[in-house]
Amino acid sequence: MAPLSDFEKQRQENIQRNKDLLRKLNLDSATDSISREIPNQRQANGAKKRKTNNAAKPIKKEPQEPSRRSRRLAGVTMENTEEYQKVKEEMEEAERKKKELEKLKSTRLFGNFHLIDLVTDKRSGDMKFEKKVLKLPNEIKKEENNTKEIKEEEDDHLQDDDINIESDNKVLEILKDLGDKFSAGDFYDLIRNSSSDYDDKGLESKRNEFDNLKLFERFDPLDIKITHQRITAINFHPSKTDRVITAGDKVGNLGIWAVDSTEDEDPAITILKPHGRSIAKILTPHSNPSKIYSCAYDGSVRELDLNKLESSEVIYLKDPYESQDYPLAVSDINLCQEGNPNVLYLTTLGGHFYQHDLRTPFKSIKPNSLLRLHDKKIGSFCINPNLSHQIATASLDRTFRIWDLRNISKSNSSWSEYEDQISPHVYGSYSSRLSVSSVDWNYENRLVCNGYDDTINIFDLSSESSELPPVTEWSKTYQTGTKNKDEQIPTNIKPFTRIKHNCQTGRWVSILKSRWQASPGDGIQKFVIANMNRGLDIYDQKGQILAHLTDSEKVGAVPAVAAMHPIENWCVGGSASGKLYLFE
């Protein structure tokens, strides 16, 4: 035999090393296949290699038992068992009911139903829940006495695999969502044409006046960007000649727009940053219109002087119970209109109330100077413009409450979960299904509130439409009657009218808040609120809609934060992109 070359030796070593490795892995059969595919040199010379059979022994597979067996395969007979008789009776009963249902198809329906109960199959035309719907009156009366069985029957229908209601449910959910998104302002044209019996002679002329309002034409709304981020607060300055609009956003920017400035081709807008967090409220004192006050979640209230062009801090609230500098986020501010116009009221996200005289320097607050009005966030509050000691608050706890600041004590806070709190006397409250977003008070003692229950509620405390005495005559211990004596805060305030309005703003749109016009020059009390269909709705204090302001071509977003000029019937709304829509 000729000696092997170096290359052949290396090749044989590689083959042997691979065989050893495969043998360790218990893959000898794979080694044989490799050997057959790559014959060695001796095979090329005609010498045959002894065939080895080291293949692993096959594992005997046991037949897999079925997880379920029928009674027939198991050899079980059912004819004489109680279970078989029960099944047979059920089948006979089902056949009988089927014949009755065929007969009932030609009769009218009895009782009330959900829409899903009346859905029919698109191919056959039969009701998908005909067994539930097609019943005689005596059967309905019988089932009314056993609501539990009815509920179980409904669940059985909804869980029936033979009934496909997925597509129908989607359609009905769409209809439901559309119903939730409807607002009365969406049907302004229809409501206007159907309200000819309204006894107010000025209603039609007032609607005509608002119908003539158009978007500010000098600039494209896309160019009127007053803040960098989503607008959270807006204020229409009372000036009628040189109009000024201010707006704040969620990061503390404050934009000022000189509406009637003609010096530049672009809108005369200046954006400041007086706050570190979201601006909650902007207001202009009636007694000093050259100043603008703003509050924010950073705990500060600042004064902007238009004459001096200065911004100064008026109040900084920090938690008196904390050793470190922990700010109390200010959620709303208002100035007294009756009595002393220099007193500023404010509320916090923690449910507190605080008041400060602007003529005196601010000092660090003490624990007993904070009043407890709610245990949760106060999103909005208002002052009775006729009596400054009466305020109303709207809270995340699903209520709005009316308070008397003349009667303050610890005993008034027994309702609170917090200890050693001080509260004013509460006249009563209104309870909502969901959070109450805002409340506002006008000169004729009407209050308007709205919240996430998709309603606008108007309350009459002037005694014109209720048996209660006028709110201005309530004593500091007055409380309307309540049926439940265990209620620490009675739910005794009822609205005299309720308006359907979509308030589901979601995450990216600011909360909708209804606001009265402060001093209407035409003498008609009215409030404005944004409409989720990219518009502004205006109502009078009777709940009659006066206008639905929009422009389908130019209004590109929801003007969620809305305000009216204090005197003139001009409206402005701010969007999530920091843009303004002015109707004049």
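Cβ coordinates come from backbone N, Cα and C, glycine included.
Positions annotated as coiled coil by Swiss-Prot: 76-110. Under the heading compositional bias 'Polar residues', Swiss-Prot lists 29-44. Annotation comment: Swiss-Prot describes 29-90 as region 'Disordered'. Residues or ranges marked as repeat 'WD 1' in Swiss-Prot: 226-267. The feature repeat 'WD 4' is assigned by Swiss-Prot to 431-469, with sequence analysis given as support. If you look up Swiss-Prot, you'll see 553-584 marked as repeat 'WD 6', on the strength of sequence analysis.
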Looking only at the coiled coil (76-110), what is the mean pLDDT? 71
Can you count helix, strand and coil residues in the repeat 'WD 6' (553-584) using DSSP? 0 helix, 13 strand, 19 coil
Give the residue counts of the repeat 'WD 1' (226-267) per reduced DSSP state, in the order helix, strand, coil. 0 helix, 17 strand, 25 coil
Taking helix as H, G and I and strand as E and B in DSSP, count the residues of the repeat 'WD 4' (431-469) in helix, strand and coil. 0 helix, 19 strand, 20 coil
